[in-house]
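**Q** One structure is given below, represented as structure tokens, and several questions about it will come after.
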Amino acid sequence: MKLKAIILAAGAGTRMKSKLPKVLHKVCGRTMLNHVIDVAKGSMVQECIVVVGHGAEDVKESLTPDVKTVLQKEQLGTGHALMMAEPYIDDGTILVLCGDGPLITEETLNRTVAYHREGNFKATVLTTDLANPKGLGRIVRNAEGQLEKIVEEKDATEEEKAIIEVNSGIYCFDGEILKEALPKLKNENAQKEYYLTDILSIIRNMGFGVGVYKLEEYEEIMAVNSREQLADVEAIMRRRIAKKHMANGVTIMNPEHVYIEKTVTIGADTILYPGVILTGNTVIGEDCIIGQNSRIEDTIIGDGVEVQSSTIIHSKVGNFTHIGPYAYLRPNSNIGEHVKIGDFVEVKNSNIGDHSKASHLAYIGDADVGQNVNIGCGVVFVNYDGKNKHRTTVEDNSFVGSNSNLIAPVTVKESGYVACGSTITKDVPEGSLAVARARQENKEGWTKRKGLLKK
């Protein structure tokens, strides 16, 4: 039987106090809405439909082409939102999800759908018990323990407010019965809204079975309505991600102080120190050490690499290379194996071959550096003429002395040497020493003549 997910994402989220639609706020690098869609696709769902409203165009742009959308022009309640998706409701199973609930898991969705189908229910609600249920809809059961109704707190009596079983906002419906029930929905409540929760009572009054599937933990159904709740949800997501990596053989020295996005891959026996930030489609190999306060974004790191307190963005680092401390690899830096990029070295849009090193205080921009090359302290690859960027090539086994400038476009041929303090404007031939600096002149007695002698 076909399973569709209708995801409610039309709300303004006024308590977020943000220009950004609520469902587009990110949790561990991915929007809340896309977290929900990912989970739906990872379960048994074959098709996702998102109900958009506030910030509709921005929300649509965040979605992949296979996700369909319907517009709720007026926000008249969750039931009204479901009405807008009526053209997509058929005789299969309809799973209704909340776009601001990113912690729901595939396992829970699969179990809920299985419970719904095996019990031959026409509607099922996912619930849990909560010690402090303030603000949430209460599950009212009859004497036999069956669902009688779901009542929103603003419409609840004092007796109903004392109930601790709460509504998750996640439902399963038989599509054919849901289509029959939707036209019967009324807005006779304190908010003058069409409550989705009333549909369950309607289906029950139609003579069909309504199921209640209770979760043991509240965590999965937490919704985000404020910045504080966003932080709470992200903390849980971070903990989940860290646990997954630790279960796969990664050592995380202080999981509460490491930020890893869901899309990151980390190899076994890698160690992460506090303050590490790993984002995007970063892949880190095995046996690496990622030192404190390192930030790595959309980068591929080989095996046995050590990164100390450095930033690496959109780059690639080969096996057994050492980066940092305080190095900065900007986009399109391709670093080979057994390379050393030391403290306060910046690399941008450059290729650096195996066994080469730039140990400290250098700028390597728009360069092609070969194997076994030494870049001395204070070397600058001068790549910009005020209008255009130009490339510099330093071939294998070359040596660039400290405090030298390589004015692009220029090439240092294989085994070429550049003397310290030189400004190179012409190609250096293979096996040659280039010296491009003024000759030293010593003026004897100058200090005494100027009255500067301290003795």
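Glycine is treated like the rest: Cβ placed from N, Cα and C.
Pulled the feature table from Swiss-Prot, pasting it below:
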REGION    1-227  region 'Pyrophosphorylase'
BINDING   8-11, Lys22, Gln72, 77-78, Gly137, Glu152, Asn167, Asn225, Arg330, Lys348, Tyr363, Asn374  UDP-N-acetyl-alpha-D-glucosamine binding site
BINDING   Asp100, Asn225  Mg(2+) binding site
REGION    228-248  region 'Linker'
REGION    249-455  region 'N-acetyltransferase'
ACT_SITE  His360  active site, proton acceptor
BINDING   Asn383, Tyr384, Ser402, Cys420, Arg437  acetyl-CoA binding site
**Q** Looking only at Lys22, His360, the recorded positions on record, which one has the least crowded Cβ, with the fewest other Cβ atoms within 10 Å?
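**A** Result for the recorded positions Lys22, His360: minimum number of other Cβ atoms within 10 Å at His360.
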**Q** For the binding-site residues listed here (Asn167, Asn383, Ser402), which one has the lowest count of neighbouring CB atoms within 10 Å of its own CB?
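**A** It is Ser402 that, of the binding-site residues Asn167, Asn383, Ser402, has the fewest other Cβ atoms within 10 Å.
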**Q** Highest Cβ count within 10 Å among the binding-site residues Leu8, Ala10, Cys420: which residue is it?
**A** Ala10
**Q** For Asn167 (UDP-N-acetyl-alpha-D-glucosamine binding site) and the residue listed as 'active site, proton acceptor', determine the Cα separation and express it in whole Å.
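**A** It is 59 Å, counting Cα to Cα.
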**Q** Please list, for the region 'Linker' (228-248), how many residues fall into helix, strand and coil according to DSSP.
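**A** Secondary-structure composition of the region 'Linker' (228-248): 20 helix, 0 strand, 1 coil.
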**Q** Across the region 'Linker' (228-248), what is the average pLDDT of the model, as a whole number?
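**A** It averages 98.
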**Q** What is the nearest of the binding-site residues Leu8, Ala10, Gly137, Asn225, Arg330 to Tyr384 (acetyl-CoA binding site), using the Cα of each?
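**A** So, of the listed binding-site residues, the one sitting closest to Tyr384 (acetyl-CoA binding site) is Arg330.
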**Q** Between Gly77, Gly137, which of the binding-site residues has the fewest other CB atoms within 10 angstroms in the structure shown?
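**A** Each of the binding-site residues Gly77, Gly137 was scored by Cβ atoms within 10 Å; lowest is Gly77.
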**Q** Does DSSP put Lys22 (UDP-N-acetyl-alpha-D-glucosamine binding site) in a helix, in a strand, or in coil?
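**A** SS state of Lys22 (UDP-N-acetyl-alpha-D-glucosamine binding site) = helix.
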**Q** Of the recorded positions Lys22, Asn225, His360, which one sits closest to Asn383 (acetyl-CoA binding site) when you measure Cα to Cα?
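**A** So, spelling it out, the nearest of the recorded positions is His360.
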**Q** Which residue among the binding-site residues Tyr363, Tyr384 has the fewest other Cβ atoms within 10 Å of its Cβ, if you could check?
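**A** The binding-site residues Tyr363, Tyr384 were compared, and Tyr384 has the fewest Cβ atoms within 10 Å.
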**Q** Just name the winner among Arg330, Arg437 (the binding-site residues) by count of other CB atoms within 10 A of its CB.
**A** Arg330
**Q** In whole Å, how far is Lys22 (UDP-N-acetyl-alpha-D-glucosamine binding site) from Asn225 (Mg(2+) binding site) when you measure between their Cα atoms?
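**A** Computed Cα spacing between Asn225 (Mg(2+) binding site) and Lys22 (UDP-N-acetyl-alpha-D-glucosamine binding site) is 8 Å.
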**Q** C-alpha of Tyr363 (UDP-N-acetyl-alpha-D-glucosamine binding site) to C-alpha of Ser402 (acetyl-CoA binding site): distance in Å?
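**A** On Cα coordinates alone, these residues lie 12 Å apart.
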**Q** To the nearest Å, how far is the Cα of Arg437 (acetyl-CoA binding site) from the Cα of the residue listed as 'active site, proton acceptor'?
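**A** Cα of Arg437 (acetyl-CoA binding site) to Cα of the residue listed as 'active site, proton acceptor' measures 22 Å after rounding.
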**Q** Could you work out which of the binding-site residues (Asp100, Asn225) has its C-beta surrounded by the smallest number of other C-beta atoms within 10 A?
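**A** Asn225, out of the binding-site residues Asp100, Asn225, has the fewest neighbouring Cβ atoms within 10 Å.
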